[in-house]
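Trainee: Pasting a structure here, questions to come.
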Amino acid sequence: MDAPLRAEAYVDLAAIRANVAALRGYARDADVMVVVKADGYGHGIAATARAAVAGGATWLGTAVLEEALAVRAAGVTAPILSWLATPGEPYEDALAADIDLAAYAPWQLADIAAAAAARGTTARVHLKVDSGLGRGGAQPHDWAALLDAAARAQADGTVHIVGVWSHLACADEPGHPSIELQRKAFEQALSEAERKAVRPEIRHLANSAATVSAPRTHYDLVRAGIATYGLSPIPDHQTSEQLGLTPAMTLRARFALVKRVPKGHGVSYGHRYVTPDATTLGLVPLGYGDGVPRAASNVGPVWAAGAVRRIAGTVCMDQFVVDLGDATAKEGDDVVLFGPGTSGEPTAQDWAEATGTISYEIVTRLGTRVPRTYGGLEGIA
Ligand SMILES: *Cc1c(COP(=O)(O)O)cnc(C)c1O
């Protein structure tokens, strides 16, 4: 048997698979794209992509091209859309790997078309309209120019317009008026495309939050990220459990040292924690160098010695301390920072609330020093 690990992020691929199946239920007639950007939100891109396909995802989505190529390198053949690029992007690599590309502006479409012409192939493109997020995509007043460029590239055979798409700003606040306004702006963009004879097979707008709470935004395909990993996209309204989702990642470590200290002892850099009594301290070998937020100093919850306890003092680069009171513990005992929450341990959502962020950041920021280990592999190619 392998030596027990100092720390690990254990990922239950059966949970990812089941979450995707649950999302297919929410999506009904729409297909499900699983978003695996940023190393599968920290869960590992290759394993996540395979589990997603096993769960019924018919598309995968990545931000940058390197991620899409990594999915292909893992042997996954499902359609992939990659949507964030800069001038000079190696589009020929994308075309060679059969990756769909997003275009936000005519210059980008021209770059893609040039790469397709050079390879003697046709690029598959999804035109993005900015329906109100104010981030990527063409503004409504630039949309006609993008459609005209697309119609020309389609006519000369360098580009095939597969999709028209957009992204929501406030889907995590169900009922927010911007959701319906963005949907109407998206409809306008689709009508304009139709008038210019640009007829996408696939229209897509919804993220995880809209998948579970705004069916009118589903169109032909939903793009689900966070819900795939079992975390609630609408945590102010419904927990992951209420949504039928299971958090896939458990971050755990083993005590590197357990020791008694007297009352009034300062703990960790800056002495921001002082022991209220004689107590037992446990040293956990994880820190901000591993992605544990320094903002968790004195507030981060951990499951240790049979109870939820708070981090004592400052989170350091490689380690932090937990005050165990008079509980019994020894070196090598398990400490769980977060997991599905079914055995009393905190969740990534609890960590997000304790540190003033969102669960996305808690799982995605985990560093490369933490090995990812996998379970629930049955039936995943
Ligand atoms: C990250 C991302 C998603 C997935 O968002 P979730 O909230 O994680 O479901 C979907 N679409 C785009 C364009 C994204 O950047």
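Each Cβ is built from the backbone N, Cα and C atoms, and glycine gets one as well.
Note that this is a predicted model, so its numbers are computed, not measured.
Straight from TrEMBL, here's the annotation block:
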- Lys37: active site, proton acceptor (ACT_SITE)
- Lys37: N6-(pyridoxal phosphate)lysine (MOD_RES)
- Arg135, Met317: substrate binding site (BINDING)
- 248-375: domain 'Alanine racemase C-terminal' (DOMAIN)
- Tyr269: active site, proton acceptor (ACT_SITE)
Trainee: Within 10 Å of the Cβ of Tyr269 (active site, proton acceptor), how many other Cβ atoms are there?
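Mentor: If we count other Cβ atoms within 10 Å of Tyr269 (active site, proton acceptor), we arrive at 13.
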Trainee: On a count of neighbouring CB atoms within 10 A, which of the recorded positions Lys37, Arg135 is highest?
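Mentor: Buried the deepest by this measure is Lys37.
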Trainee: I'd like the Cβ neighbour count for Met317 (substrate binding site), meaning other Cβ atoms within 10 Å of its Cβ, all protein chains included.
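Mentor: Excluding its own Cβ, the number within 10 Å is 12.
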Trainee: Between Met317 (substrate binding site) and Lys37 (active site, proton acceptor), what is the CA-CA distance rounded to a whole number of Å?
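Mentor: Rounded to a whole number, the Cα-Cα distance is 26 Å.
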Trainee: What average pLDDT is reported by the model for the domain 'Alanine racemase C-terminal' (248-375)?
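Mentor: Within the domain 'Alanine racemase C-terminal' (248-375), the model's average pLDDT equals 98.
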Trainee: DSSP on the domain 'Alanine racemase C-terminal' (248-375): how many residues come out helix, how many strand, how many coil?
Mentor: 23 helix, 46 strand, 59 coil
